[in-house]
Every structure is written in C-alpha cells, then in structure tokens.
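According to Swiss-Prot, the protein has these features:
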- Glu457: active site, proton donor (ACT_SITE)
- Glu533: active site, nucleophile (ACT_SITE)
- Asn98, Asp197, Glu457, Glu533, Tyr534, Ala535, His536, Asp600, Trp1005: substrate binding site (BINDING)
- Glu412, His414, Glu457: Mg(2+) 1 binding site (BINDING)
- Asn593: Mg(2+) 2 binding site (BINDING)
- His353: site 'Transition state stabilizer' (SITE)
- His387: site 'Transition state stabilizer' (SITE)
Amino acid sequence: MTNKISFRDIINRKDWENPVITNWHRLPIHTEMNYSKSLNEDKQKTIQSLNGNWCFSYFSKVTDVPENWADRDLTKSNIMPVPSNWQLHGYDQPIYSNVAYPFPANPPYLPEENPTACYSRIFQLNDDWLQSGQNHVIFNGVGSAFHLWLNGQWIGYSEDSRLPAEFDLTKYLKSGKNRISVMVLRWSKGSYFEDQDMWRMSGIFRDVEVKHLPATYLQDYQLQTDLDDDLDQAKITIKAQVAGKNFSQNKLRTRLYFANEKVADQSSRLSTRAVDERGPLDNQFIAELNLKDPYLWSAELPYLYQLVIELLTDDGDILQVEKVNIGVRKVEIKNGLLKLNGKPLLIRGTNKHEFDSKKGYAVDEETMIQDIKAMKRNNFNAVRCSHYPNNRRWYELCDQYGLYVVDEANIETHGMVPMNRLTNDPVYLPLMSDRVTRMVTRDRNHPSIIIWSLGNESGYGRNHAALYNWIKQSDLSRPVQYEGGGANTAVTDIIVPMYARVEQDQIESVNSKWSLKKWIGLPGETRPLILCEYAHDMGNSLGGFGKYWQAFHKYPRLQGGFIWDWVDQGLLKKDVNGNDFYAYGGDFKDQPNDRQFCLDGLLFPDRTPKPAMHEVKYWQQYYLFNLQRNPLGQAESFTVTNDYSFKKSSNERLHYQIKSENEIVIDKYIDLVLNPGESLLIKLPKGRSSTSSLLDIDISLIKGNSWAPSGFKIASEQYVLAKKFGPTNAVTAATNKISLIENKDTNTFEIKLDDQKWQFAKNSGLLVSWSKSGNENLLDALRDQFTRAPLDNDIGVSKVDHIDPNAWYERWKSAGMYNLKTNLVSIDAEQLERAVLIRTEHSYSNHFQILFKSSKIYRIDANGTMTVTVDVSLAQGIPFPARIGLTCHLADQITDVSYTGLGPFENYPDRQSAAQYGHWQMELDDLYTPYIFPSENGSRGQVSQLEFGKQKISAYHEQNFSFNLSRFSKQQLARISHRNLLQAENGVWLSIDGYRMGVGGDDSWSPSVAPEYLLSNNYYHYAFQWCRKDI
C-alpha cells in the first residue's frame, strides 16, 4: 500500500478490525542488531534512543482524534513518559481481568468507545546518518496497535503488543528537526488474542529507538550449535542474510572467542549451497566453526562464547560488526526425557509476567536483574515467559546468569466460547502466524530458550497444528509445548498440564486432568511431563508443595514445573488520605474485574518475598540430605548428595551443628568436593550426650558469584535426634495460699493468689478476667475458636453474585461456624489443697444443631500456673473446621515475642518443611505477614514455649501448639478488603491452637488441602500451661 493515504481514510479503513491485516510496511523481524562499524564502537554511534517525554493527547474513541492532530502545536500538549502505560499517568483506567474480555466480544469488531492516544515528539539525527545507509525506527512494545507518521507522512501500521515493530524512515527524514507521531489504540482485533490473566493497559511501554544501517547490511542471522554424541565436538553454523546494494562481492568473517581468547574463525562468501532444485538463496552466507571439547552452556554453568560477525567489502573494509554471546548446548527429548547436553533436566521453574507495581509493563533492566538474582537465590533454574515474548534484554540476562526459558507466543483467547473459536478459524492463521514466527525469528539465537510455546489457554485449533509444524521445520534444536486442548495433544512434545495434582484425578466433561502419576502411565504415552503451571501462590498459600517435589524425585518422567507465579500484580495507588496502597481488580472502578486474583505471586509487589518462598527454596535446593540411624534409632551419620546435573561442588561449604537444649555440642565445617550425583557420607561423632536434640545442616557459598554474596546459604536441613527442646512441665513447689470464692455480686468464681485474681463467669463459663495488682490482663474472655479469617484458597471462586458452595469458606458459613450460638452446659469449681479446679462444658450450635462440644479443665496452682486441658468433639457430617483452639484479647502492650518452635517465619501444617525448630526472638509486628488481601496469617507451629510481655505459655505433656499474636482481630481480617485499611486495635489478639488445618495451594479455586492436613477426626484433645513471668 502506498504511503499517501489520508488520516480520514485510515480511520474509515479500520485496520484494527481487519482480521487479515496485521501490519502495513512493517519490516521483517530479525535477531537483535547494533549495526556497529567497528568492534569497539559505542552503540550510540548507530543507535539513538527516543525514550523520554513525548507530547500526549488522549481521546475516548478513535473517531474523536482530530484530522490534523499530527500537525498541532506541541507546546500546548500534555507530557507522557516513554516507556510507560498511560493508565498509570492519569488517563483511562487499568482493567484487571483473568478470562472475560474487557469489551463486548464480537471478533474481529471492537466497541466504538476505544481509547486512543496520540504521541508526538521532535528528534534530530546526525547529518552523517542522512547521507548514506538507512534509518529504521523500532518500537519494541506498543499496546495494542498503532499507526505511525513522520513529518506528516503516514509510515505504517502494526499490531502485537509484545514484539518489535520496525519501519524504514529513510525516505521521509530531513536534516534538522523531525517530528514523529504515533496513534495508539487500546483495543484491536489483536486484543482478542491478548486475553491473558493480567492488568490490561496500553501505551508505548518498551524502548523506542532509531538505528542507522549501512547501505549494505546484515538483515538477519541464525545460529545453530550441533554436538556429537560424546559432547566433545561442536559445530556452530551461522546462516546470515545480507540486504542492500551490491552485496555480491561481500565477505563474511566470523570469529569465536572464549574468555577473550580466539578459539575459531572463518571467512566465507555468498553461499552456493542449493536450497532446492532451483538453487541457493542469493543473499545468504553460511559459516561453520568447529570446536573441540567445548564449554557447554547450562543454567548451572552458563558458559558463553562471544561470536563476532563482520560484513566486509571485497577489499576487507568493515561494513558492519555484530557481537553476540552464544551458548553451546544440545536440547532433545530422548527416551521419554527432556535432556540438555545428554542429561535429564529437573525444571525448578516459575511463571513470570512483565510487571512493575509503579511502571506497569515498563520493567527496567534493574528490576530484571533483581528478579533473576532472586530466582537463582531461591534455587530456580527456569522461567516461563507467561504469556508473551518478553523484552529482548530479559533473554540476554537469562543467557548470562543461567536460566532455562520457555518462550511463549502472545496468543491467548481464554474468553472465547469455545476457547478455540478463533484458533480453529483459518481467517486468523496469518495473525497467529505473525505472533509465532516473529517470536522464533527474533529469539532463536538465545541458548537460554530451550522450549517454544504456542501460547496459552487458546483451545486446540487447526492453526496450532500449522504453527507447530512450522516451528519443527524451522528450528530443529528445540521442542515445542502447548497446554491447550488437554495438555497432551499432537502439537506438544511435552505433556504440560496446569494444576494437575500428584495423586488426584480431576474429572471434567472435556479435557480431564489426570493425576501426575496416572498421566505418565497412560498406554502409549512416552512424553515427559512438566507442569506449565502449578502451586498457585495466591495470598497465604503453597501448602502441600513438597508432595510435588517428592514425586519429581521419584518418577524420572515427572520433570518439574513452573509455579504460578512470580510477583503479585498489585498496582501502587493513593488512597483517599493520600497514602500508598496496592490496588487489585475493581480498585480503579474497572469492569469486568477479577478482584484479588492478580495477587498470586511468590513476591509481594515491592518484590519482597512471601513466607511461602522459604518452602520453595527448600524443596528446590540442589543438595539432598539423608540421615542414617542404627537399629536402636540413634543417629549415626548423614549423607549429602549433589543434585546438580552439571555443576561440581567446588565453592560450597557444609556446616553442621549438633545442639542440646543449652549448648552447641558439635560445630563443624567441610568444604565440599562432589561431582553431580555424587554423595558424601559424614559420620557423627560418638559419645554424644543422649539429650542432644537437633542436627542443623546448611550449605553456603565460599566465594560470592554473579547472583549471591559470599556466605549465602543455598541449602539447609534439620533433623531431630532426640526429644525436642521444651519445658519439663514440672510444677514448682508452692507455699502461697490459693483460695476459691463464689462472688455473688459479680456472679463469678473468683480465684485469688497473692495479688493475682482470676474470674470465671458462672453464666458463660468463660475466663473473663485475670488481673495482677488490679491491672487487667484480658480485654475479652478466653473462648473456643473453630474458624479463621478466610484465605483466598478458602474463598475459591465465590463472589457476591456467584457463590461456590464447595469452597471451604462457603461451607463454614453455611454450617453457621462464623455465627455459632454458645451454650454453657455446666460449670463447677473445686478447691484443692494447693490448687483450684474449674470445669466447664460448652456446646456450639447453629439452628438448634450442635456442631461442637468443648470440655475444659482449668487448674490454677498455688505457684500461679494455669493448666488448661481441652477436649472437643465434633458432630458427624459437619465441614471440617479450620482450627481447634482458644482465643482471647489481651490488654498487654506487647513489643517483643520469643518462642521455641518452628520458625522463624510463618508456617502452617502443610507448609513447614523449610521452618526449623529453635528458639526465636522477634518484634510483635514481625509475626504479621502483610498479605494485600487480609486473611489468616502469622502462624508459628510446633511450639513448646511462648513468651510475650509478662506472659508465658508452655506445652503440656509434650503436646505442642500453634499460636498467633496480632494487632488485628480475626473479625477485622475477615472484613477488611485491603491491608492499608487495617486498624491496629487496643491490646493484642492471641490464638492458641491445638490443631490447625493446612492452607492448601494446588490451586485457589477448588479445595486443595490434602486429607492428612484436614481436621477430620470426631474428637480432639490438647492442653497447655499459662502463667505470668512477674510473679
């Protein structure tokens, strides 16, 4: 199409609704190029950035854009930074949606209200650039479609938010000032293919730059590394295409360096190798470099060679130089296993959106490096670019630091009914082909990319089959994966289910999810299985994570998975008081929205880790431990195994300690020298005290590396050798007199001991007062509790207008557990010689149905210790409760807490493998986990002793407990929608639980707490002792 087209014709033509038009005049995509003229030339000599402030005008629909907008006076315009999303700068609104389209779905058509923004800026190029060669502008990310003008001349059009759009400006540039103008539409028919679970935002959100190309230049090049079966001979093939003028006599010189030393080189002319019976490509160079005993790239050892490619004239003058880091490695599926360099991989992966809480899609390099270092420090080795190609710099960093990458096409039609409505329609094949073939062409030279993905949640259509075949013919070096259509269709080389469970089948009318164990055993199924999504970390989650890793280690064809997902997508926003808070769906009055479903990362939006990250790091660690005991059960030795596939232990120091209750008995260090898969047996010294309780082991880096400092802990383990630390439960001999009084004025049983007083209300049977020297300890009575402030996993998919009756929260509410009627069955008191006993029995009912019965014995001894013994029975058929415990509101002004139990971080019964038993001290506020959507949080389990303020609580008869101490009541946590709205209450809320349900986390939309972590018994017993420390 000619460039001479009026603005009105562009508006009327509606390219953004034409299903077969994806671009006008956009240049073919290629691998990243710098077009340098010498080996050490500064990039700024061939690349000019157009990032910065652009003039900006916003319109609610494209038909409102004035015809002369590109010629308007820029001094009267608003300013918009590039890169950015305009919704984060006061225009329009972000929309968070998981599945539903943010507009009426009628492909390829779009609503008239289609927000449109017009960007303009002035730039000036070096006059030398205008004398010869070409000048191209590259927009690396624009959502969702745009038209481009230069100096009033229409240049072209492009779609696909996540891949570069390059245009030739050469003919329309002038000396001096040039005006570039871009009209960006929020929605296009491409938006039907960009229905990912994310904030929907728009704008120019990646770099914009102008590049100067020589008159004759390298148009693209493709690298291919081949290894022989012994992996000691490598061939690197470079296929380069040249474009421009008079290139028939040009030469290509390739040189390969490792650690600044040249290891191979070759010069070549245009290839005469025939492609088919009609002959060779007339613009292709082919070079082959051979290596003996190459250093092989892996995520563990990311060895990179530097390849220098020079385009030369016939006389040897340099026209263009490109430098690129390359990795030599071999990816294959063999014998049912995904292998790298001949060894099976175990994918320790995470999904990752491009997201920044302040900048939206505009993620900068500093944040990318921060993410990669955090991944490496927490034992990740892989990342899935969910669900679109990332910024080009991301792949370079993954090459450098060492991460395996699944590169995913920008295709998701989750909101279509059926899901494959578009992907099965040949009309949309060109659009889909654009997104797949351009991704592969741009990114194929990165060693970190080991798998291509056809997209996400788009059903299974004929177009997928066509694109799968294209990739398999175009790139022989990588497998292809795709989950849509059931995770095991003909267009995936790997079974890639979402949220399949280890042992439980999930039967659906279409595309059932088999258990992992069943899937790999299906008749005729020989492919490896890697979960493309699992372990949904929404809020307080990731319970049962270890079951997956036990299965991964047991069954070779279960080769890991990608956790959902990396970082909470909470956008920083100001509340009515001007304070920052993290917003989720609906906070911008966005419709439709999926509320807090965007808060499902391992990191909070500020990229601080959630407690669940400890569990992930533990199960993904590269060193495995095993304790050996003799027939008498005594620990004699332990082994440590190097679970790396390629990396020898040479920079790791093992440290182990054996601790008794009061001292460190043994403290030793060993510098490890272990080959991959090799184990070391470490014998424990004999003659240890029989009271030695714990064996603590950790492995740390001796020297710092690219992602962690010296001394950084990469693996840990703890074994209980004997009885755990804890109180003896011995009652101190008491001489003080304790008395029981029935106070008719207050209708209480009153126990007095020196200046302490306990009061039990006769009409409620509750401990309603505990004072010392007239200072009250309780603000509210000590009560049974069976519920928790609901987790996201408890709520499931329930909404105000859509209730999921299967969700735990709905079950608990339907059973009346949040509104139980308490009935005192009996209360009696007994004076003993050195103690007072209070016995109570309560029933808890809903609509005359008794759900729980609780019997308690309070023994208050003359030494001031109150022993509480509780027996709870559950009615048949009621929903399993969240907890069996007691709670009260304390008057103490607590600042510090110490306890002996699992810690130091938050842990729950199904998420405590990483927690270690010990004595922990912290501030009260450090017990709180600031989940953006408030819920139950802050638990510490397996506690034998707890001290706070002037209080001490101890386990009784070796039955440990869990506790919470919080400035927020359970009721407030359940009621408030955002953490910034929580109000610290007077005093502190204490929960002491004998039993707690797990948190679950296989997914967040169906009950996922494993049976062994449910409170499914009909009877529970627990006890503890409570006293003041200042008696």
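Placed from the backbone N, Cα and C atoms, the Cβ positions cover glycine too.
Projection of Swiss-Prot feature records onto the structure.
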residue : record                             : DSSP (3 states)
Asn98   : substrate binding site             : coil
His353  : site 'Transition state stabilizer' : coil
His387  : site 'Transition state stabilizer' : coil
Glu412  : Mg(2+) 1 binding site              : strand
Glu457  : active site, proton donor          : coil
Tyr534  : substrate binding site             : strand
Asn593  : Mg(2+) 2 binding site              : coil
Trp1005 : substrate binding site             : coil
C-alpha spacing of His387 (site 'Transition state stabilizer') relative to Glu533 (active site, nucleophile), in angstrom: 12
Candidates His353, Glu457, Tyr534, His536, Asn593, Trp1005, namely the recorded positions, that fall within 10 Å of Glu412 (Mg(2+) 1 binding site) by Cα distance: Glu457
Nearest-integer angstrom distance between the alpha carbons (Cα) of Asn98 (substrate binding site) and His353 (site 'Transition state stabilizer'): 13
Number of Cβ atoms other than its own within 10 Å, given for His414 (Mg(2+) 1 binding site): 19
Residue with minimal Cβ packing [other Cβ atoms within 10 Å] among the recorded positions Glu412, Glu457, Glu533: Glu457
Residues near His387 (site 'Transition state stabilizer') in space but at least six apart in sequence (CB under 8 A): Gln196, Asp197, Glu408, Asn410, Ile411, Glu412, Gly455, Asn456, Glu457
His536 (substrate binding site) to His353 (site 'Transition state stabilizer') - Cα separation in whole Å: 14
Cβ-centroid neighbours of Mg(2+) 1 site Glu412, His414, Glu457, 8 Å, sequence order: Val99, Asp195, Gln196, Asp197, His387, Thr413, Gly415, Met419, Gly455, Asn456, Ser458, Gly484
Greatest C-beta neighbour count within 10 angstroms, which of the binding-site residues Tyr534, Trp1005: Tyr534
Proximal but sequence-remote residues of the same chain as Asn593 (Mg(2+) 2 binding site) (Cβ under 8 Å, at least 6 apart): Ile95, Tyr96, Ser97, Gly585, Gly586
Nonlocal neighbours by CB distance (under 8 Å) for His353 (site 'Transition state stabilizer'), same chain, sequence gap 6 or more: Gln196, Met198, Ser386, Asp565, Trp566, Val567, Gln569
